[in-house]
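The structure appears right after this line, and notes come after that.
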């Protein structure tokens with residue numbers, strides 16, 4: 001309906017503002033985008049798949065925030081299915097399917113089928129089992145999920161309560177949930193979608209000589225079983241199985257995270273995935289074969305993917321914040337004397353910069369470490385296939401520490417960006433409501449961010465113990481090298497100064513991060529190995545060690561990229577990336593100053609000048625901010641943010657969403673408290689809404 | 001439907017676990033609860049209103065997370081209206097209505113009517129205007145809202161774009177939105193509910209001698225107008241007004257935050273609230289009268305309320321986290337040698353304690369400061385009514401700095417608690433999904449948390465300038481006293497040590513917080529007044545000053561409560577509260593260590609022993625944690641959290657929510673990608689969900 005607002009314009013033109021920002025920097029956006037995202041033809045796949053999905057009405061994101069959680073699952077399933085059908089028509093491969101998930105930007109009810117279910121069958125199924133299951137899986141004839149976590153146990157997999165008891169007479173397993181807390185819980189795709197599940201259960205085998213008595217069974221730890229859970233025709237749970245969706249959560253509205261219990265449910269012997277372990281028909285004993293480290297490899301891969309994804313999710317929030325804060329104006333400069341002065345862009349306030357620009361720098365820090373992890377993973381994979389498991393521990397430790405650090409940086413960064421955008425940051429037009437809620441799962445899943453830092457610390461203590469005893473052995477990896485260097489130099493350490501009067505010592509920056517990590521490793525080693533302190537008492541210290549070690553990886557890897565960026569990028573870009581390096585590093589150093597002074601990494605007095613150095617670096621970075629986020633190449637369709645639109649039409653879009661696309665505005669209400677009618681003229685006395693409670 | 005899961009029990013009994021926790025502490029919960037919450041009969045009102053609301057089906061919180069945002073507004077309006085009807089029947093007064101809002105725990109569509117609308121008419125309406133409007137308002141015959149913030153301006157009220165132009169011929173105002181960004185935006189209760197609005201607009205009066213030409217008008221700044229916006233019968237917007245709801249946001253689902261534009265909309269002269277300013281019929285000039293500081297008073301009151309509310313919202317999150325983490329077990333002690341050892345309660349891990357227990361301590365820090373603000377507000381109010389505005393600046397500064405600090409502590413604290421609860425913290429059973437999303441508005445509303453710290457710094461710079469010039473004048477308030485002490489002692493400051501080998505110096509703790517605040521004030525004064533640095537360049541430093549100053553208030557006020565708690569509370573409680581004081585203070589000191597060493601407040605070397613002291617304090621506090629949260633007396637009905645239930649039936653409730661109360665489990669889906677049917681057997685080809693996009 002036309003009205004007088006149709007031709008109103010915002011006070012300032014956002015499009016012109018962003019154009020002026022872009023004109024003020026000579027960064028070549030296309031070159032930088034290619035530098036960041038050309039691996040595996042990412043940018044081309046993005047263009048290709050975006051064109052297809054953005055033309056399908058089913059994938060319109062417009063009304064998502066107006067749907068109820070049950071509706072979001074309906075929509076999620078409809079989209080998951082449509083992606084398969086579209087992919088067949090378009091001839092998509094794995095790369096395009098993955099891109100479709102990324103652009104669709106919600107957890108697919110098929111997600112676990114495509115990830116843990118297929119991976120587990122492929123990695124842990126015998127050849128026979130793979131021959132039987134893989135065609136059905138790849139064809140999506142069955143839909144699978146991965147049922148490991150339970151109501152009572154997540155992190156501690158050895159504590160799982162579900163049992164799989166071997167019946168030596170019938171040669172079957174009996175899967176059972178002895179407690180309520182044995183209920184499988186959180187398992188994605190299981191609530192309403194899956195027909196099959198990998199069920200991880202404690203394998204119970206009769207003790208030698210015994211046949212039936214419960215007391216005579218012994219647990220051989222968690223093992224994976226492939227189990228049909230729903231009828232192929234009716235999609236109802238099979239007898240002896242209770243399964244459903246656990247209900248609304250913070251995010252993941254489209255995903256049917258589920259619960260499942262078993263009542264002495266019997267499955268054939270072939271249900272147990274038997275590439276690495278099999279129960280003997282004759283003896284009832286467990287025969288193990290092969291190296292179980294492959295399971296770690298799979299977890300490491302998932303963590304690696306989360307690390308690589310962190311840069312893109314943080315880049316999204318930073319893109320929105322940088323663009324909006326370049327357009328948003330509020331207050332004149334307090335010292336302004338001319339009435340003609342315009343209000344300042346809020347990105348020109350240091351109090352806004354200090355929240356957004358270090359995060360902009362962090363996206364690049366995350367980038368180079370993500371790429372490093374990708375390479376390390378594939379290199380390790382190759383050596384493992386040659387039977388050499390030597391690199392696995394380093395990879396596992398790095399992936400644990402970085403998963404913890406990077407997801408925390410990204411999750412906290414999203415919220416920091418949101419708050420920096422003031423009132424509109426709280427609105428649906430921020431584009432961060434769903435992103436934020438979904439991403440908040442990441443600090444918890446695949447190893448809780450605090451819990452897994454113990455694995456890093458444990459590894460580093462082991463490495464330090466080895467280094468202390470073998471000071472001159474040839475180093476096997478960068479950690480050995482660092483620890484040997486530390487041990488040889490700790491007696492005569494000179495604390496460094498990293499920034500002085502606008503001069504930066506990049507090599508010293510790397511040194512202080514490495515030194516601090518090494519020193520904290522030594523302290524942990526000393527407390528645990530020499531003083532024999534209880535592990536639990538040390539846990540906070542160990543957590544801080546993991547963080548320091550992982551920060552050292554980010555800083556070192558970023559520094560190591562200089563050679564590559566200097567040769568492959570032109571104009572001001574290599575210099576601007578160096579500014580990002582310094583800003584990320586100095587911001588981190590400032591935030592954890594006492595850890596750097598405690599470890600003799602930096603000179604205590606040099607800490608106090610960091611805030612001026614950080615201000616200077618932000619001033620250097622500021623003119624390039626819009627072009628730097630442009631380089632991350634997040635399509636408007638994915639951003640789904642009025643504030644972050646690449647054309648700067650922030651206010652036009654916010655208004656359009658409110659005035660023309662908000663379904664609540666199509667209803668007229670009765671505000672009179674004396675009446676129990678809610679919709680004016682409906683006379684329903686509120687029964688409609690009461691029925692939903 | 002009965003099934004085999006009906007009689008399953010969790011592996012560990014949560015009720016017995018919580019009972020054992022309670023038995024292990026001799027804190028008298030009822031006494032502490034009264035100490036905290038007896039003002040104005042809070043606890044009695046809570047009991048009374050809880051009994052009524054929890055028996056009404058309309059107020060069941062059970063399915064809230066399954067409703068769409070439009071449905072949440074329907075429900076919110078139904079509840080707002082029902083509360084009025086119930087209140088009449090029950091004979092409720094203001095206290096009970098406020099309690100009903102607190103327990104109902106969602107933003108009421110009537111909220112702005114009850115707060116800013118009535119307050120503005122009462123404080124800024126002339127006697128005649130009050131006589132006309134107040135009866136209609138108090139009777140809810142009209143529903144009002146407060147339309148100040150616009151699409152383009154929030155913090156900078158002077159920058160508002162809506163105009164109210166005086167027509168000297170017709171003696172009317174013409175309210176107009178010249179730009180899209182002039183649209184009123186965010187204004188609560190306006191989107192669908194309100195019939196009337198206070199519209200804040202730039203008052204344009206003809207320049208002397210002029211009559212009509214636009215260029216001849218001059219702005220006299222923002223003024224409030226009371227304007228009917230919707231028809232009393234049809235509830236449709238009046239001609240020349242476009243008004244609606246802005247759509248989904250982070251939280252506030254039940255609230256109709258709105259937008260509104262005017263097309264040369266004419267209102268009578270009487271629309272302008274004229275207690276302090278009136279346009280003269282004859283001359284067209286603005287006559288101002290009285291002291292506009294009363295407007296500040298009202299903003300200060302709102303900020304004060306936010307500060308007092310912060311303790312209760314944080315207490316909610318901490319209650320949930322403490323109870324759940326006392327019940328949740330995961331992993332045996334890594335150094336355990338006995339197979340009989342049970343898994344540890346996660347609250348016994350220092351890595352969980354360090355996230356939750358300092359926040360538990362913070363609830364009490366927030367408490368004493370909230371009470372102090374309450375008293376300061378009422379004392380200031382009294383002196384203002386005697387015509388003495390001398391205390392207002394101190395109150396305004398304290399309320400700004402504390403609003404910023406306390407809402408940040410609470411908002412971040414909720415999320416910290418949530419993450420500390422691992423997987424279940426991400427679930428709907430945490431009870432934090434709605435709380436978190438709603439509360440995230442608080443760091444932004446009523447003065448953005450970063451923006452308003454400038455007001456604090458500005459005040460402190462003024463005070464320090466005065467102190468420097470008047471070193472021996474009698475101090476007018478604690479700030480004067482502190483600044484004079486600082487200036488007299490800065491030449492011979494001896495940095496303090498606050499904790500040494502398990503001994504704490506509480507007086508020294510207060511001293512270092514005060515010294516740091518004074519020193520940072522001096523640095524800000526020096527940079528701005530002596531060195532004349534640009535304000536904008538100083539903004540981060542000024543923000544940090546405000547934080548330090550506000551932290552000093554929290555610490556000082558907590559310390560000052562010792563006398564009262566020592567005499568009014570028995571058993572271990574006064575000692576435990578002292579532990580809370582130390583934990584809050586030392587945790588804060590540790591987190592901002594370099595600010596304390598920079599200012600010579602503490603001896604640099606003493607920083608490194610803080611982490612051991614914090615560990616010790618947490619060990620002291622741990623046995624009392626459950627009883628301390630019990631004392632906050634948050635009813636289960638308000639907590640609405642499976643994890644936080646006072647009876648410890650965490651797992652039973654999570655399972656019940658999923659298995660028996662999740663509507664998604666009543667629908668059977670078609671997971672086959674080849675079919676576009678979503679609900680199995682419906683044959684609707686996904687049309688149902690497509691229609692919603």
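Any Cβ shown, glycine's included, is placed from N, Cα and C.
Keep in mind that TrEMBL annotations are predicted by a computer and have not been checked by a curator.
The feature domain 'Acyl-CoA oxidase/dehydrogenase middle' is assigned by TrEMBL to A:145-263. Taken from TrEMBL, the feature FAD binding site applies to A:149, A:188. Per TrEMBL, active site, proton acceptor is recorded for A:446. Residues or ranges marked as domain 'Acyl-CoA oxidase C-terminal' by TrEMBL: A:507-674.
Distribution of TrEMBL features across the structure.
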| residue | record | contacts (Cβ under 8 Å, 6+ apart) |
| --- | --- | --- |
| A:149 | FAD binding site | A:184, A:185, A:186, A:187 |
| A:188 | FAD binding site | A:107, A:111, A:112, A:145, A:146, A:252, A:255, A:256, A:257, A:258 |
| A:446 | active site, proton acceptor | A:299, A:302, A:303, A:306, A:403 |
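Residues from the set of recorded positions A:149, A:188, A:446 situated with their C-beta under 8 Å of a chain B C-beta: A:149. When pLDDT is averaged over the domain 'Acyl-CoA oxidase/dehydrogenase middle' (A:145-263), the result is 94. Helix first, then strand, then coil: DSSP counts for the domain 'Acyl-CoA oxidase/dehydrogenase middle' (A:145-263) stand at 9 helix, 54 strand, 56 coil.
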